[in-house]
Amino acid sequence: MLPPRMLGLLMLLALLSDVNGMCPTDFEGPILDPPEIIGTYGQSVYVNCSSNSDLIDGIAWKIGNNSLDLQEEIYFLLETVSLTDWSMTAECIIQLNEIHKCSKDLKITVYQNPEVSVSVQEVNVSAEGTLYKVRCDAMNVAPVQNLTVTWHRNNQIITTASFNDTTKTPVNVSSDVLILISRRENVVQIECKAQLDLGLHGPQFPAVSKMNLSALYAPEFILKHNESISVLEGDGVTLNCDPEGNPPPVLHWTHDGVNLLENTSSLEIAYVNTSTTYTCTASNHLGSTTKHVSVHVIRGTTPEPPSTTERDCPITVSPAEIVVRFGDPVSFKCSTIDTDAFGMAWNDKYRNTAVGDPPSITRSIQKLEDWDLGLLCLVIWPDYQCEKGPAITLYQNPEVSVSVQEISVSAEGTLYKVRCDAMNVAPVQNLTVTWYRNNQSMTTASFNDTTKTPVNVSSDVLILVSRGENVVQIECKARLDLGLRGPQIPAVSRMNLSALYAPEFILKHNENISVLEGDGVTLNCDAEGNPPPVLHWTHDGVNLLENTSSLEIAYVNTSTTYTCTASNHLGSTTKHVSVHVIRGTTPELPSTTERDCPITVSPAEIVVRFGDPLLITCNTSDARAVKIGWTDRLGVTEMNEPPSITWKVEQMKMWNFNPTCFVNWSDSQCGKRLDVTIYQTPDMVSVSALHLGPVVEGLQHNLTCDIYNVAPVHKLRVTWYRGKEVVLLETFEHWFSVTPVNVSSTLKVTPNRNDNGNVFRCEADLDLRPIVQPKSIHSAASASYTAVVHYAPEFKEVRDNEEVILGKNVTLGCSAEGYPPPEIQWKYISAVNLKETTVGRQKIIMITEATSTNAGVYICVATNEVGRLTRSVTVVVKDTNSTFIWLLIIGCICCLGIFIIVILLCKNSKKHGQYSFVPGNGSDGTDIPMTPKSAGEKA
């Protein structure tokens, strides 16, 4: 009699298993190590089958159609599997008892890495560049459904191709791509990488093939004009012909219709005795061009041309050259150092004359609105006059707009012809139009028109956008290159382009829905396309609704089919939704609120670094569900029995990844899309100056922070620092792209001299809150950019006058600050007792035993590339002897004046005043009588 434990096990096996190999629910079943084999064709691998239970009769392997003998009373069995069959199968069988057995299939993938080659299929040459159709052939590859072909252009991904063929044996497949190359790009490297994606146990290195492509163009001569050469009679000469072209042109020399030489750039003529013309023709399969070289013979001895000694024109116009915007004010100063000149004047083409006296005259214009004013300064002498004018460059910044001219849609993507119109720009010969694709320079156009007045010009470019690129930003920058005094900021116009494609349904298969008789139902039609498709519902040929993705049917009583058509100008597609009526009594279905898609995805939101592993679990709480599965944009990936299913990704290598977990009931389906953010921190962050020239004080300059290969860009935050101070914070929320892009942030700086030596830097970080805290994602910082500010000279000294006593020594010093350090120069009338020396950056004039000839104005000039500054010092020479004499004369005059005044005062005091009389005696000794004068008598 069997023991109770064994009897219970046998009863359980009888109830829960059958002879077809299904394992009972409480039995773990065969354990395979490894659980899956991934190997190359012809490889031999070992696999072990074991059991954790000791209540089994034995283990056996079935390799292909060959069943091996049962090995009794063992708990593991090691077997060799030779991968010599593309459809190789292996099954481990555990014998539970005499009747029942349990088995598990070994998952086997036999692969073969492809051989890859790249070739050009078609070439189309236009003014915008060369459009290549390039093919990547992947040969003898299996299984092809696991193959991904990735195209790279200069190491940047441009598109990816996959294959739906389920064949297990090796096949040959190919992928085509359109490559547009402009003349400016020189050489572009195209790379095709074919990778079998079979996880960690599959091949880790892709098969690679590369090709270099360049723009093709017809021959052009470097010096486009014809050439004239003068040669003495009897001498020899070598004629040169240097064209450019791709393919390199073949050269052909002719003279008077006679062939001379081929495929050489120079033609040597040993003896020249006749004036004649030689022709060089350069040609390739795209065209030909011709250059004529005229040889002129010089016979006999010709007199040398007389030398001309022109009288100097001592005129200085400041500024000598100026760049000014149309309508802005401008002022010029004209001066001369010639003391013999007796008149000066400004004149223009309208004969508007302003007259003045030497040594200088000024002309101010409130609004400069004449494109060719012809302004001249004249200096007049009694017997001569000369003139000199400033070089005036009058400019007007363009208005820029970008527009699409042509569109061509193919399987490789959408080819746009885009035009950039630069309107009302002058001078157009200084205009450069630069095209950018996702902030990367593509091509540049310039213009040869010498017109000074504003004109309208345009530049065209071809842009190929693939489906995998999502959105491509095209940018046109039109810049007038007029140096530091010209406009520093280009006119910019941008446009976002995306691949156009006909409508496609997200769930491509038709749909079947079961509905209770009398109930209502909502039918869904989810299509994508670009332009967004217009939806159209029909039933039995009758139009129902337009431009809505859902169709509500209030009462269903008949099984029927509804049709949804999605269409745009590129095509249309149709989906059929069959509604089946369930009649009679059926189990009660859950209410609408309960059936409101009972799906839980964990985690609900995910942030994952590109290339990292990912694990997602989907659960449903509805016991009535019959299937649960995952789907992505490529279709259904995996299905399982409820209540849960797990999606495991070893390496996240897809940028546009938003899987949907769905649950099927017998009568309906619902799904929930997972929000996945795939990020990549920048490869590099750098700061550079946008312009090529120096940073000049007072002029606006732009610093650019370039961030390379960052995703997603709408989560990017760029912070600018000056030292430790935050000066700008910029985000890119308006720019949505899930794939890595290169972006730039611009900091506008108007520096002063105190900014010289300041350090600027930028930091780029991805703001992925609230899912991920910022500290868990490292930001990338640029290297420091040290500002070197150029500023005009500024004098340290402020003295304008210097007095010196005749015969004494005096020193005049001049120094100035500026960057670059200014050059100091004195202007003066030279003398034998005057010496100029340099001490450091100071220029010193030393006058020894000053004389009257040293008196006058000394001008110090400080000049650097930013500006020019002058200051004058007036030297006054004083004679001490002459001063003494003058003082003596003045003293004598003063003394004489005082003496005369005293005498006059004395004389005046004797004629007027008080007098006293004393009686006197006469001759006889008697007193002389004193009688008062009567009032009427005269004295």
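Using N, Cα and C of the backbone, Cβ positions are placed for all residues, glycine too.
As annotated by TrEMBL, signal peptide applies to 1-21. Residues or ranges marked as domain 'Ig-like' in TrEMBL: 114-195, 219-294, 398-478, 503-578, 682-778, 793-876. Look at TrEMBL and you will find 884-906 tagged as transmembrane segment.
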Item checked: the domain 'Ig-like' (114-195) vs the domain 'Ig-like' (503-578): 3 or more CB pairs under 8 Å -> no
Next item on the list: Verify whether three or more Cβ pairs under 8 angstroms connect the domain 'Ig-like' (219-294) with the domain 'Ig-like' (398-478), leaving out any pair fewer than 6 apart in sequence.
Entry: no
Note to self: For a three-state summary based on DSSP, what are the helix, strand and coil counts in the domain 'Ig-like' (503-578)?
What the structure shows: 0 helix, 49 strand, 27 coil
Next item on the list: Could you please provide the mean pLDDT value for the domain 'Ig-like' (398-478)?
Entry: 87
